[in-house]
Amino acid sequence: MSGIPSAHGPDWEVPLGRRDSLNANQTLANLNLPRPQLNLTQLIFSFSKQGLNITDLVALSGAHTIGRGQCGFFVDRLYDLNNTKNPDPTLNTTYLQTLRTRCPNGVPMVEQDVTSYYSNLRIQKGLFQSDQELFSTPGADTIAIVNSFSSNQTLFFEAFKASMIKMGNIGVLTGTQGEVRTHCNFVNTVSLATKVTKDSAEDGIVSSYQVI
């Protein structure tokens, strides 16, 4: 896996022979992907449905060190958490003011911190509610894992690799299931043309239309 090492992260062998699905199901994806507003109990349940444990949850959440967060996914934490008309009390007050200057004042994205995800959780600087839940939920078993990963990068890297491999084995299609796509962005349909704009390509979005 080359993308993570280029960001100074771990690398691991990715198994070959995987096949692609024949369709995309946004509804099913939304059901299986945990939302950033979930509390810890909901996160643990969501991961357990996929055969992933709390160590996997904390380790895979560390992937939030790379990329950008959309303001819409956490703006409620800044102004009106759970309809209380107040910000999230687990959010560092200085960090709160920093985020308020970025959202919702015309900036749709906030950069993630690529160096100190777990350390930030310990000082209430988790960007998403689902991030901060890992450390700020009283008595949670995830707290000790956050502390361990914060103080031992090697331990985190090993756990992250193991969890990525574990996640990569969920719902694998082999044999005659699915297909091997000519282009990974869309299914092998002769009549399907795909148009990718510069912006959508950057966001990982592909728009498709039928050629008559």
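Keep in mind that glycine also has a Cβ here, set from the backbone N, Cα and C atoms.
In TrEMBL, annotation is done automatically, which means it is predicted and not curated.
Pulled from TrEMBL, these are the features on record:
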BINDING   PRO34  substrate binding site
BINDING   HIS64  heme b binding site
BINDING   THR65, ASP113  Ca(2+) binding site
DISULFID  CYS71-CYS103  disulfide bond
DOMAIN    1-188  domain 'Plant heme peroxidase family profile'
Listed binding-site residues PRO34, HIS64, THR65, filtered to Cα within 10 Å of CYS71 (disulfide bond): none
Distance [Cα-Cα, Å, rounded] between THR65 (Ca(2+) binding site) and PRO34 (substrate binding site): 17
Inter-residue Cα distance where the pair is PRO34 (substrate binding site) and HIS64 (heme b binding site), in Å: 13
Distance [Cα-Cα, Å, rounded] between CYS103 (disulfide bond) and the residue listed as 'substrate binding site': 22
Local confidence of the prediction over the domain 'Plant heme peroxidase family profile' (1-188), expressed as mean pLDDT: 87
Mapped DSSP class for the residue listed as 'substrate binding site', helix or strand or coil: coil
Listed in sequence order, residues with CB under 8 A of the residue listed as 'substrate binding site' and six or more positions away: GLN42, LEU43, SER46, PHE47, SER130
